[in-house]
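Presented below is the structure to which this report refers.
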């Protein structure tokens, strides 16, 4: 019959079988069996053997061996770490009840590898106990087994900083260059310093990338201390070839026009002034210039002697623009009979003295117009007849003879261009010097061969072949009129034919200042234009100007009217441009009047133009003719040679041996 195991018999059979097999494989010596059977078990034996040993029961409440400690930790690394320190705690605190708690604390702290923490506190997030080992978890910026080594973040990609990376203990810090500010942790943005309106003071602030500039106008430099723009004195660096004038924000170079120099187009160098026209200086050897002697000494002296009584006669061709002066004298001496034919107010005037009878007669048309006219004076019986172009303009009854009987001979003295005595002996005071020209003359019977030979051999006695009204200025001198304006309003009218595009036409000078100047120039400093201009200026400031190419051989008219602070310039009737510059009108009434140039004691920087004028010119100042006649009313005029300034009064002007240039005569001293 088949047996069927019961449900309860199966486990029992299995257990019996296992025991039988185990008993076959395990054998103990008697000693081992005895030891196993006799092992002492502590309290809670059942619990300890079924559960991991508890540290306090095993090693605190009782003393434990290393094997017992192994049962607590169940691994060798922790046991090897724990047991030496456990022995140290027991040795230190022992069995004393007083120190029991210290022992407990000491023993409890031994198994935790992180108590006390072996990690660097500053660099550690936490310490992880690894059962006989530990793991330090580091903060960002720290590394090493104990988190005690700083990470240099700046060594890699500059720490991500835009500008500078500064490594710190456990971290790093980004910083920006001056002029930038840190945005976030790594980005640098430009600082707009110009938002602070005081950063540059009075200068102009310009923000740059990372900085800013305090800007000044050209010619100024920024002063960091005062925060202002300070003018640069360019003249100290020798920027000009000759004179330099520092101006606010700039400078201006001047060349000595009195030495024939002008400013170059680089506005620094100097170059020679070249004439634009050459004057016609050819002379007429058959003509006689009456104004050769600036002191009004006669240019010709003749004496006629006759055995028989002879009437006086003279005939000649005559031309002048001078309204006043002596043409000729004929007679004996001051206290005898004589006649003087002169110009006065532009007409012929006859002064005569016969014994005790004196007379002055003037008649006829204006002859000071530069036209050639035939003049004749003739004794006809007891009358003197004066003709112009063969038409009688004066007939004067006389009682006596011009010839004087002396030692049986009838004598007559004749002087041309002056009188043989002091001019105060004239009946009517006139300037004896006459700027005029004479030709085809016949004195008495025409005995003039000696005069012609003398004139042919002396160019200074000859007239120029071509003559025009006004005075000719050769560019080496000037005329000084000892007059000044009577009011702060004035008008100047100049008629000219220049031979150079540069030169002073008219100037009022007060000490070393030039309150008013009218000049020709080839450069306008206000507009920086290089072409011919007429400039009206006060000092170095332009008050009116006009483009004016006047160097064309034609006559031109310049008119300047000043009324208060208003200045009007007309060139050939066309208005110029007026500037907003104030005229020092108070100085006008105290200034001397110069024509054609400036004196040497006026510095170059006092006026825009210093070169003397070259060409023909005549002028009018507020209705007063600026004539070259030395005895014009209320004025005295003198030619001023270079480096020899002379001031002449009315009473002494005639005694100076200078030629006053009119009708294109040269403005130079007379040396003989």
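The backbone N, Cα and C atoms fix where each Cβ goes, and this holds for glycine too.
Copied over from TrEMBL:
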{"type": "DISULFID", "residues": "119-136", "note": "disulfide bond"}
{"type": "DISULFID", "residues": "138-147", "note": "disulfide bond"}
{"type": "DOMAIN", "residues": "42-88", "note": "domain 'Gla'"}
{"type": "DOMAIN", "residues": "110-148", "note": "domain 'EGF-like'"}
{"type": "DOMAIN", "residues": "150-189", "note": "domain 'EGF-like'"}
{"type": "DOMAIN", "residues": "286-463", "note": "domain 'Laminin G'"}
{"type": "DOMAIN", "residues": "460-650", "note": "domain 'Laminin G'"}
{"type": "SIGNAL", "residues": "1-25", "note": "signal peptide"}
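Between the alpha carbons (Cα) of residue 136 (disulfide bond) and residue 147 (disulfide bond) lies a span of roughly 6 Å. On its own chain, residue 147 (disulfide bond) has 119, 120, 123, 124, 125, 136, 137, 138, 139 as residues at least 6 apart in sequence with a Cβ closer than 8 Å to its own Cβ. Other C-beta atoms found within 10 angstroms of the C-beta of residue 136 (disulfide bond) number 22, with every protein chain shown included. Residue 119 (disulfide bond): 24 other CB atoms within 10 A of its CB, across all protein chains. Across the domain 'Laminin G' (460-650), the model assigns an average pLDDT of 81.
Residues of the domain 'EGF-like' (110-148) grouped by DSSP class, helix first, strand second and coil last, total 3 helix, 13 strand, 23 coil. In the domain 'EGF-like' (150-189), the DSSP tally of helix, strand and coil residues is 7 helix, 18 strand, 15 coil. Counting Cβ atoms from all protein chains shown, residue 138 (disulfide bond) has 21 others lying within 10 Å of its own Cβ.
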